[in-house]
Amino acid sequence: VTRKSSMKPVKKNKAEDPELEPLCCCEYIDRNGEKNHVAACLCDCQDLDEGCDRWITCKSVQPETCERIMDTISDRLRVPWLRGAKKVNISIIPPLVLLPVFLRVASWHFLLGAVVLTSLPVLALWYYYLTHRRKEQTLFFLSLGLFSLGYMYYVFLQEVVPKGHVRPTQLALLTCGLLLILLALYRAKKNPGYLRNPASGDRSVSSSQMECLNPKGQEKTKGFLGAESSGGLNNRTPKDDLKGSSRTLAGSPTKVKEDWCAKCQLVRPARAWHCRICGICVRRMDHHCVWINSCVGESNHQAFILALSIFLLTSVYGIALTLDTICRDRSVFTALFYCPGVYATYSSALSFTCVWYSVIITAGMAYIFLIQLINISYNVTEREVQQALRQKTGRRLLCGLIVDTGLPGW
């Protein structure tokens, strides 16, 4: 007599699989798939121990070791949360810590202020080129921008308003400007016009269109149906053809050429580009903006311009109110460069330092705003301008502010 084998599936012990166990507020699943605890963030880190030993003995640390240490720190830097500790992006922390320290140190003396306020843009540019070369997304600039807005407003409320020279209507107007900036940034942070993969079902490519591509994605005898052009066409190089397979439509000149993106596996309309940082194609891509940690494209370009314009108006208004309070009986421009006695008290010195920090940020945003207005007036995008300069098909005009791309929009 044979016994029938039981067909019941063997239940897996929850203790063997950490992902099946409920996590407390301080526990999390690390990058190795193992359960870990926030309190053990400094335990069992051989790379960190090795790096500290080499640093103490004055030996060089390998770049690979530094990258592993940063990966470990970013994975273990978490805050307690419901159903498991949440990961904190390490790039948002430096602005929250360093900005108040630098500004308060800069307010001690005029020379310290000159050194600190000069070094801050240099450090920001260095970090920008470092992350841009690695094609990495970072929340550093978004954190810096939002925290700068909040900290400048905090200093204004704590140091400027109590002096009694700011009327309630002026404070209300400045507060409304700040809220409008946040609202416009929220709108600009949304979808810039991402192109979905045809496999997702939102947009599909027919088999007849696919037959037009050879293995390298180049043009065959058949063409794709195009749409009417909304602006200038992009110039492509043979290098770009190897990457994205450019195809020019035959027929009516009102047709535009479309690109096949090998990375996203979709057909791109005219003026759409693949963002190497976001890893996705964007309709009418202008550029990748680090200040919003997103691309500026067809869907959020207006909100981006609106955020810039509101920021410039609000910042200039806040600077004028502050200088009028700490440097009485002087014009705004004169008080910015000559304000005797401003370092007599720590309150006025901190306010004056924050004014100069705001001036530096405002000047940078004003340059971006000016470039955007020039590009819009000539119906070109920043991506097309940079491409024309790289291909040496464009020429700079008016001290480099205007670039003749040679596109039909010109």
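If you go along the chain as it appears here, the first residue is 1 and each next one adds 1.
Backbone N, Cα and C define each Cβ position, glycine as well.
Remember, TrEMBL labels are computer predictions, not curated facts.
According to TrEMBL, the protein carries these features:
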TRANSMEM  111-130  transmembrane segment
TRANSMEM  139-157  transmembrane segment
TRANSMEM  169-186  transmembrane segment
REGION    214-250  region 'Disordered'
DOMAIN    257-386  domain 'Palmitoyltransferase DHHC'
TRANSMEM  303-323  transmembrane segment
TRANSMEM  343-370  transmembrane segment
So how many of the residues in the domain 'Palmitoyltransferase DHHC' (257-386) end up helix, strand or coil by DSSP?
69 helix, 19 strand, 42 coil
Folded-back contacts onto the transmembrane segment (139-157), same chain, C-beta under 8 angstroms, at least six residues removed:
89, 91-96, 99-100, 103, 124, 127-128, 131, 174-175, 178, 181-182, 185, 290-293, 318, 321-322, 350-351, 354, 357-358, 361
Return the average pLDDT for the domain 'Palmitoyltransferase DHHC' (257-386) as a whole number.
89
